[in-house]
Amino acid sequence: MTPVVALVGRPNVGKSTLFNRLTRTRNALVADFPGLTRDRKYGHANIAGHDFIVIDTGGIDGTEEGVEEKMAEQSLLAIKEADVVLFLVDARAGLLPADVGIAQYLRQRNKTTVVVANKTDGIDADSHIAEFYQLGLGEVEPIAAAQGRGVTQLIEQVLAPLAEKLEAQAVDSDENVADDEQDEWDSDFDFDNEEDTALLDEALEEDQEETDDKNIKIAIVGRPNVGKSTLTNRILGEERVVVYDMPGTTRDSIYIPMERDGQQYTIIDTAGVRKRGKVHLAVEKFSVIKTLQAIQDANVVLLTIDARDGVSDQDLSLLGFILNAGKSLVIVVNKWDGLSQDIKDNVKSELDRRLDFIDFARVHFISALHGSGVGNLFSSIQEAYQCATKKMTTSMLTRILQLAMDDHQPPLVNGRRVKLKYAHPGGYNPPIIVIHGNQIEKLPDSYKRYLSNYFRKSLKIIGSPIRVLFQEGNNPFAGKKNKLTPSQLRKRKRLMKFIKKSKR
């Protein structure tokens, strides 16, 4: 399960700056849910090789009378569901009553907390952070988030060890997600050698065999009241299986195993399968953290949309997180029954307009309440999963690359054409294709999109994102001095003597 890091503290202590540092972007609004989480930000980060969900909880205006009264409900939820809390304080402003109140709240919750003293640039950090030890939360980590100072040390000495500890405790850690930023290849590997490429294909095939006959995890996600629980119950009701919880898997998400046509599935219900009478607030039905974790843990995601409301900004935010996580996708438009033909046409037109960037995903129009169209979902789920784990070989991908270049050659850069040499598989779930060549960094984005679409069409990948990575060919002479042969040295010596004589 992906660990969750919550950034808490008073306003203007640098939480958003640290958020951007950890997520390595200046606008990392992976999932922003207006009206539900207000100014809370959710982002995905890869820290020291470990995946995290990072939350900026916004400023907490606590007072010495009681910080709990001033904490927003979503801040409380974020702290409750976080694995690690980074408590930011302002080293320049010193210890304030609000800091003491927040620290007291965190101690009461017995949450793993790290005090981070920000804005230590240009001051004596040791003397300024000393007073924060009286908070009783252990070591204080000094940083200057705006300049990036101390952030690497915070990652290496605090977050990375915590991630390793959490991963060691995880019960279900069979995710097979490839990280393109850490996709490294041996520079000595010869892709022109058939024996070497055969070994690579064999190794990747072994990885793929682990996904065969696997229990497919399906996450049903969406905004509140779009019919997620109804769809879950309809799927289970059709199959007449006994629903039972699997304790210890994830916080409030319920993992429900089922079987259909000999294939094992696990439905991840982010609604918690609670009785309707016990749910008083809409916000109780929808936890951002539970949804993001369910997406990370799933093989196929069913993004459920209310046909009567259309595609909202919240739907697009969830969609962005699904694509960034590299998950297979099926779009489910619920509550399709009872709509007039004009409204149905308008809904389809809006879907085509707002979701044109994910034309690879199947769209199903269903009624979870009445069951119409629900049974057809599994064919698309199977198709998306099989495409995500599709077998690819180096020779196959290189042949497709050559056909793509024959149809449309790479552009000229400074009078020289970008040369693409070969392609090989880089992983599955999602399919990753690595292309090697020269002057790769000068290849325009338009041509990269062309190659991505060409590979998708040639491989017939539907329902799954595809990642095409580009790597510059290694220069065998890079970093080496030009070493002359003995005959060249003698020739150079004679030439130097001739030059000296001519100058006399």
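We number each residue from 1, going along the chain as drawn.
Placed from the backbone N, Cα and C atoms, the Cβ positions cover glycine too.
The domain 'EngA-type G 1' annotation in Swiss-Prot covers 3-166. In the predicted structure, the domain 'EngA-type G 1' (3-166) carries a mean pLDDT of 78.
Within 10 Å of the C-beta atom of ASN12 (GTP 1 binding site) sit 11 other C-beta atoms, taking all shown protein chains into account. Here Swiss-Prot flags 9-16, 56-60, 118-121 as GTP 1 binding site.
The region 'Disordered' feature in Swiss-Prot is assigned to 171-190.
Here Swiss-Prot flags 172-190 as compositional bias 'Acidic residues'.
Look at Swiss-Prot and you will find 216-389 tagged as domain 'EngA-type G 2'.
Feature annotation from Swiss-Prot assigns GTP 2 binding site to 222-229, 269-273, 334-337; the stated evidence is sequence analysis. Cβ contacts within 10 Å of THR270 (GTP 2 binding site), excluding its own Cβ and spanning all protein chains shown: 27.
Per Swiss-Prot, the feature domain 'KH-like' maps to 390-474; the stated evidence is sequence analysis.
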Cβ proximity for THR120 (GTP 1 binding site), under 8 A, sequence spacing 6+, ordered by residue number, returns ALA91, HIS128, ILE129, PRO142, ILE143, ALA144, ARG149, GLY150
Taking all protein chains shown into account, the Cβ-based neighbour count within 10 Å for THR57 (GTP 1 binding site) is 25
By Cα geometry, the one of the binding-site residues (GLY9, ASN12, THR57) nearest TRP336 (GTP 2 binding site) is THR57
Rounded to a whole number of Å, the separation of the Cα atoms of GLY9 (GTP 1 binding site) and THR270 (GTP 2 binding site) comes to 28
Here the 10 Å Cβ neighbour count for LYS15 (GTP 1 binding site) comes out at 27
